[in-house]
Amino acid sequence: MRDDDEHAQFERPRRHTKPRTKIRPNYDDADTARVVTIDRGRYTVTLDDDGRTVTAMKSRNLGRKGVVVGDQVRVVGDVSGADGSLARIVEVTPRRTVLRRTADDDDPIERIIVANADQLVIVAALADPPPRAGLIDRCLVAAFDAGMEPLVCLTKSDLGSPDEIVAMFEPLGVRVVVTRRDGDLDDIREALRDRVSVLVGHSGVGKSTLVNALVPDANRSVSYVNAVTGRGRHTSTSAISLELPFGGWIIDTPGIRSFGLAHVEIDDLIKAFPDLQDVTRDCPRGCLHSATEPECALDLAVADGTLAPERVESFRRILASMNQKDDY
Ligand SMILES: Nc1nc2c(ncn2[C@@H]2O[C@H](COP(=O)(O)OP(=O)(O)OP(=O)(O)O)[C@@H](O)[C@H]2O)c(=O)[nH]1
Ligand SMILES: [Zn+2]
């Protein structure tokens with residue numbers, strides 16, 4: 001024992017009476033950051049302060065708690081962002097919204113894939129491949145359930161007219177924007193500005209074309225190229241968050257085939273339509289609000305002119321889509 005230690009012990013005698021308490025580390029000086037992508041246990045985060053990109057791992061104190069793309073986190077340790085440096089994520093801020101991917105044969109659990117997004121952008125081509133309304137419907141259910149605002153983005157407008165699809169979603173109050181390669185991006189930019197938007201859509205609809213037009217640097221971002229091509233990946237591909245040059249973030253979700261809707265209840269969905277929810281308070285107990293329900297109040301409301309028939313029909317269409325298996 002060194003002299004100074006002895007001295008210290010003399011100055012501060014041990015208090016044997018003090019009960020043992022679990023020491024809680026104090027992370028007051030931790031930096032806040034956002035998770036932009038995940039690769040084999042390594043989390044790429046950007047610091048809120050200066051936008052610096054830092055690689056981090058989960059701290060042991062988080063236990064089995066998951067960290068997903070879009071999470072707001074607190075990081076400590078080496079936050080220099082230098083090559084080979086590794087910080088630690090010590091805390092995950094409560095999530096405002098969560099989006100789940102579906103359970104499938106590879107993984108039987110509906111896992112959260114993205115946190116804290118406020119908008120779900122459903123990208124569908126007007127042709128090549130042709131739009132599938134049922135798939136858009138299921139994405140809408142996922143958005144409403146997650147507490148996210150949906151936006152339908154119809155691409156390849158040089159190949160087809162958007163009128164039919166627009167007519168299907170207008171009665172639900174869902175916004176639709178129309179784009180094409182090399183076209184004017186003003187509408188979609190306006191819809192994305194200053195928000196956190198998740199992009200979904202199946203292969204070939206022109207999602208990469210759109211991302212590259214919106215974020216000219218996307219192709220130069222190594223993590224984006226990795227995530228989108230899946231190169232160098234062992235397991236499934238992570239979502240990736242990209243900052244928009246005009247404000248806001250888009251989160252691309254390569255490799256997500258469909259959303260988990262197994263947990264969605266009719267009551268969760270109808271909350272997104274307050275006018276319909278109001279009316280259904282008069283439904284008989286256990287009413288499923290489908291067209292075959294004998295005394296659904298939605299039918300009475302259409303009959304007396306309180307609700308537009310198109311709105312009720314469209315709502316019933318997305319309600320029915322909940323129970324259909326329709327992968328990307
Ligand atoms: N005619 C037409 N073709 C387009 C348009 N946008 C994209 N394409 C073409 O559609 C094909 C698919 O586009 P991508 O951007 O790679 O589509 P993606 O959705 O990212 O598809 P994956 O990479 O498979 O996920 C490419 O050949 C594009 O050149 C468009 O507005 N009009
Ligand atoms: Zn009903």
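Here the Cβ of each residue, glycine as well, is placed from N, Cα and C on the backbone.
Database features, via TrEMBL:
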type	residues	note
REGION	1-26	region 'Disordered'
COMPBIAS	1-12	compositional bias 'Basic and acidic residues'
COMPBIAS	13-23	compositional bias 'Basic residues'
DOMAIN	106-259	domain 'CP-type G'
DOMAIN	115-257	domain 'EngC GTPase'
BINDING	T155, K156, S157, D158, G201, H202, S203, G204, V205, G206, K207, S208, T209	GTP binding site
BINDING	C283, C287, H289, C296	Zn(2+) binding site
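If you take the Cα of C287 (Zn(2+) binding site) and the Cα of G201 (GTP binding site), they are about 33 angstrom apart, rounded to a whole number. Nearest neighbour of T155 (GTP binding site) by Cα distance, taken over the binding-site residues C283, H289, C296: H289. Apart from the site residues C283, C287, H289, C296, the chain places the Cβ of T280, P284, L288, S290, E293, E295, A297, L298 no farther than 8 Å from the centroid of the site's Cβ atoms, the recorded Zn(2+) location.
The least crowded of the binding-site residues V205, C283, judged by other CB atoms within 10 A of its own CB, is C283. Under DSSP, T209 (GTP binding site) is assigned to a helix (H, G or I) in the three-state scheme. Using CA atoms as reference points, the binding-site residues S157, G201, S203, V205, T209 were checked against C283 (Zn(2+) binding site), and the closest is G201. Checking the binding-site residues T155, S203, C296 against ligand 2, the ones with a C-beta less than 6 Å from an atom of that molecule are C296.
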